[in-house]
2 protein chains.
Amino acid sequence: MKLLKDKIVEEGKVLSKDVLKVDAFLNHQIDPVIIKAIGEEIADRFAEAGITKILTIESSGIAPSMFAGLELGVSVVFARKSKSVTLSGNLLTSKVHSFTKNVTSDISVSKDFLQEGDVVLIIDDFLANGQAVLGLLEIIDQAGATTAGVGIVIEKGFQPGGKLIREKGIRVESLAIIKSLENGTVEFLEGTPTYE
Amino acid sequence: MKLLKDKIVEEGKVLSKDVLKVDAFLNHQIDPVIIKAIGEEIADRFAEAGITKILTIESSGIAPSMFAGLELGVSVVFARKSKSVTLSGNLLTSKVHSFTKNVTSDISVSKDFLQEGDVVLIIDDFLANGQAVLGLLEIIDQAGATTAGVGIVIEKGFQPGGKLIREKGIRVESLAIIKSLENGTVEFLEGTPTYE
């Protein structure tokens, strides 16, 4: 998505060969105009997938999900992160490990809002190690629902998440895939990733 | 806002005389159609206020803020909650006490995204004890910015937050104000609250 790549080049900050900071428009300050375009682009890519629900995770997945949900005519559910989930028979839960923060969090979704028969589109801001998506996939499994695919704003193509999820046979649509952040420069991968 | 009040009556669950659960459309599952209408209604009420930025707090304030930001043509910044803020000279921080969870969290906003000269609209999903709004007001003060007012989706009129904020001379626009949840029934306050 050219608009997004231009924005990353203009406003993103490469902090190291692993870290791209995009808090000027995506995950701290949010530019509603570009996030609307992003949400609609994700929705367009899954327009024929029969989506009945969008599943994301707090906090930065919520904004693009809203616009995708509006476009697809479906509700958005966001998984909550918490240190320890309140005991309740009414929750779907899984664990998500963050490599950057080196903490494992429980995430949870109420059974009321994700059910057998749902066709689910997962949306998140970043795909790096893929742990958040794996946690959301487990929650969809627990609900007996179906995963239609994953829509990602920025994929770090040099980290293993994308390969991990695609090799499960799950469709991943990333609007920008970063090949490298070496030498303080953002290099994008064009086209669809292939794996040996 | 009639649409919102109807939705609260239809889909809200009164769990006790203090607790209204609206996680079917506002703060766990999100209905993009009604949240868009909510965001636009808040924007309309502050259309002449010269807003340059919307400030909210993760996670449930983000969705209505996106649509208000789009309508007003301004960016949205969400304050992050964390147990202990990373030491950094670049953060505006304050403390927010949650009476329901009985924990005090640090909240923070990067100085990059809130500055002197900004005219800020605070948006949040609920106003109850007012602690989150007080924390956000402190952050706006630290930035040397101006508060134009507060847009709230649901105000619990029987709790002290609304009075506390209005008595500081700050304009509060709540789209639904709940007078009482006694006997498992939602009773709304019509018009503007007055205090003795």
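Yeah, the Cβs are placed from backbone N, Cα and C, and that goes for glycine too.
Just so you know, TrEMBL annotations are computer predictions that nobody has curated.
According to TrEMBL, the feature xanthine binding site maps to B:LEU20, B:ASN27, B:LYS156. Summarising the environment of B:LEU20 (xanthine binding site), the number of other Cβ atoms within 10 Å of its Cβ, over all protein chains shown, is 18.
Annotation source TrEMBL lists 5-phospho-alpha-D-ribose 1-diphosphate binding site at B:ALA128, B:ASN129, B:GLY130, B:GLN131, B:ALA132. Taking a C-beta cut-off of under 8 angstroms and a sequence separation of 6 or more, B:ALA128 (5-phospho-alpha-D-ribose 1-diphosphate binding site) has the following same-chain neighbours: B:PHE99, B:THR100, B:GLU155, B:LYS156, B:GLN159, B:GLY161.
TrEMBL lists B:33-157 with the feature domain 'Phosphoribosyltransferase'.
The domain 'Phosphoribosyltransferase' (B:33-157) scores a mean pLDDT of 94 in the predicted structure. Taking the mean position of the Cβ atoms of B:LEU20, B:ASN27, B:LYS156 as the xanthine site, the remaining residues of that chain whose Cβ falls within 8 Å of it are B:GLY12, B:VAL19, B:LYS21, B:VAL22, B:LEU26, B:ASP125, B:PHE126, B:ALA128, B:ILE154, B:ILE178.
Those residues of the chain, other than B:ALA128, B:ASN129, B:GLY130, B:GLN131, B:ALA132, with a C-beta within 8 angstroms of the mean position of the 5-phospho-alpha-D-ribose 1-diphosphate site C-beta atoms are B:VAL96, B:PHE99, B:LEU127, B:VAL133, B:LEU134, B:GLN159, B:GLY161.
The Cβ of B:ALA132 (5-phospho-alpha-D-ribose 1-diphosphate binding site) lies under 8 Å from the Cβ of B:ILE57, B:VAL96, B:ILE107, B:ASP124, each on the same chain and at least six residues away in sequence.
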